Amino acid sequence: MKTTGGSDAAKRRAGERAAEDVEDGFVVGLGTGSTTAHAIEAIGRAVDDGLDVRGIATSFQSRRLALEAGIPLTELDAVADVDLAIDGADRVLEGGDARGTLIKGGGAAHTREKLVGESADRFVVVADPSKLTDRLEASVPVAVLPEAHTVVAERVDELDGEATLREAECKDGPVVTDTGNLVLDCDFGPIEDPATLATRLSALPGVVEHGLFVDVADATYVGTADGVEVRRY
Ligand SMILES: O=C[C@H](O)[C@H](O)[C@H](O)COP(=O)(O)O
């Protein structure tokens, strides 16, 4: 699993709190990453105790964790509704009108994560305090068609950003996502207007999905040293 900063105990508290929101009969979007992994494990324990749920994996990783945890899986195109999606984030914006705006995709899973999160009746973010920020300054992961990476990088430059093709750590060449795309990590400096940037990135030819999530989250559960703080939007 990709390692990220933050306390694992705090991630566990957030993940386990989100798992408590899963009700009998729910279809649940299972996000990706080290924080959501705790939610998946907790849902698996509830399934062992008789909870009837079906999960929708957002990545190979979450599919594998769900199978290990004994969570029955389905697919997005096989269900009428997704009741709840639980997912982590690399940055969670706090304050102002843009509360709950996220940057995701540190694990290159944001394409399916956004699809499942946007499809859900409720989208709960699980995070440790290291993810919270009152100013978005992190790079935005942008998944692109492989043949489009140079064209998109030029367009990102025209948007005053700097795109870097994400390189794999354990293979020669770039990261290839679960959906067969490459990832450009795009540095725009401080992002003052996430909604406008999100719209501009979505409009670029060759872009499959970007990791700016604007107005998607309904709540963030922040694991702390001794509990969970809940932000609702
Ligand atoms: O692509 C990966 C996802 O967007 C993750 O949800 C995000 O990177 C957070 O992961 P973690 O909980 O491991 O920090």
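Even glycines carry a Cβ here, placed using N, Cα and C.
Pulled from TrEMBL:
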{"type": "ACT_SITE", "residues": "Glu113", "note": "active site, proton acceptor"}
{"type": "BINDING", "residues": "Thr32, Gly33, Ser34, Thr35, Asp87, Gly88, Ala89, Asp90, Lys104, Gly105, Gly106, Gly107, Lys131", "note": "substrate binding site"}
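Checked against ligand 1, the binding-site residues Thr32, Ser34, Gly106, Lys131 give Thr32, Ser34, Gly106 as the ones with a Cβ under 6 Å from it, listed in sequence order. Put simply, Thr32 is the one of the binding-site residues Thr32, Ser34, Ala89, Gly106, Lys131 whose Cα lies nearest to the Cα of the residue listed as 'active site, proton acceptor'. Across the residues annotated as binding substrate (Thr32, Gly33, Ser34, Thr35, Asp87, Gly88, Ala89, Asp90, Lys104, Gly105, Gly106, Gly107, Lys131), the two Cα atoms farthest apart lie 15 Å from each other. In this structure, Lys131 is the one among the binding-site residues Lys104, Lys131 with the smallest number of other Cβ atoms inside 10 Å of its Cβ.
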